[in-house]
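K.L.:
Grabbed the feature section from Swiss-Prot, which reads as follows:
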DISULFID  C26-C32  disulfide bond
DOMAIN    27-55  domain 'LRRNT'
DISULFID  C30-C39  disulfide bond
REPEAT    60-83  repeat 'LRR'
DISULFID  C93-C118  disulfide bond
DISULFID  C95-C141  disulfide bond
TOPO_DOM  173-206  topological domain 'Cytoplasmic'
MOD_RES   S191  phosphoserine
Amino acid sequence: MGSGPRGALSLLLLLLAPPSRPAAGCPAPCSCAGTLVDCGRRGLTWASLPTAFPVDTTELVLTGNNLTALPPGLLDALPALRTAHLGANPWRCDCRLVPLRAWLAGRPERAPYRDLRCVAPPALRGRLLPYLAEDELRAACAPGPLCWGALAAQLALLGLGLLHALLLVLLLCRLRRLRARARARAAARLSLTDPLVAERAGTDES
């Protein structure tokens, strides 16, 4: 008779036990089933996309959102990931897509990603993302604050180099003038001493 309550208690504990993946491991507003994370058609953008997914994710669905790019390292942080559904997003093919392009290049099969086409910029519109060269993506990126900062630093160094070169030229000119003056003074002194030497030589001979 005692096994009845114990069996009911065991069944209750089994029903109340947490699933194989804790609810906290599934980022909002996605839904999770086992190692599949479905974030498709939820209007996600760069700003609203979850910053991390469960590390054991094997399949990730991001189809049908408003994603123009993915944060760097987002997919690389999922070592068990086998498939990422990325279609039906307005991808902007510039330097922000370099990490995604590198991740796609490392996939053994590119067939699932042949529908990833660039929506912008105009020069790359309609191109297939997996087959773009990295240089094409970087060239499509407008210079940002870091680029302008690097350019300003290079211009400052160039200006300092030109200033040093100008100072060196002025210093060399100054040295040449000083040498010329010294030679002129030496020649003048020599011209003054030559008659005296000749006169002394004449008196000595007499």
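One is the number of the first residue shown, and numbering goes on along the chain from there.
Every residue, even glycine, has its Cβ placed from backbone N, Cα and C.
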K.L.:
Count the residues of the repeat 'LRR' (60-83) that DSSP assigns to helix (H, G, I), to strand (E, B) and to coil, and report the three numbers in that order.
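P.N.:
Within the repeat 'LRR' (60-83) the tally stands at 0 helix, 3 strand, 21 coil.
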K.L.:
With every protein chain in view, how many other Cβ atoms are within 10 Å of the Cβ of C32 (disulfide bond)?
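P.N.:
Counting Cβ neighbours of C32 (disulfide bond) within 10 Å gives 20.
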K.L.:
How do the residues of the domain 'LRRNT' (27-55) split into helix, strand and coil according to DSSP?
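P.N.:
Secondary-structure breakdown of the domain 'LRRNT' (27-55): 0 helix, 6 strand, 23 coil.
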K.L.:
Given the disulfide-bonded residues C26, C32, C39, which one's Cα is the least distant from that of C95 (disulfide bond)?
P.N.:
C39
K.L.:
By a simple count, how many Cβ atoms lie within 10 Å of the Cβ of C141 (disulfide bond), its own Cβ left out?
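P.N.:
The answer is 16.
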K.L.:
Counting distance between Cα atoms, which of the recorded positions C39, C141, S191 is nearest C32 (disulfide bond)?
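P.N.:
Checked the recorded positions C39, C141, S191; minimum Cα distance to C32 (disulfide bond) goes to C39.
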K.L.:
I need the most crowded of these disulfide-bonded residues: C26, C30, C39, C93, C95. Count other C-beta atoms within 10 angstroms of each C-beta and give me the top one.
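P.N.:
Max Cβ neighbours within 10 Å, all protein chains included: C93.
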K.L.:
Check the Cα distances from C93 (disulfide bond) to each of the recorded positions C26, C30, C39, C141, S191 and keep only the ones within 10 Å.
P.N.:
C141
K.L.:
Return the count of C-beta atoms lying within 10 angstroms of the C-beta of the residue listed as 'phosphoserine', excluding that atom itself.
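P.N.:
Excluding its own Cβ, the number within 10 Å is 9.
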K.L.:
From the recorded positions C26, C30, C39, C118, S191, pick the residue whose C-alpha lies nearest to the C-alpha of C141 (disulfide bond).
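P.N.:
That would be C118, nearest by Cα distance.
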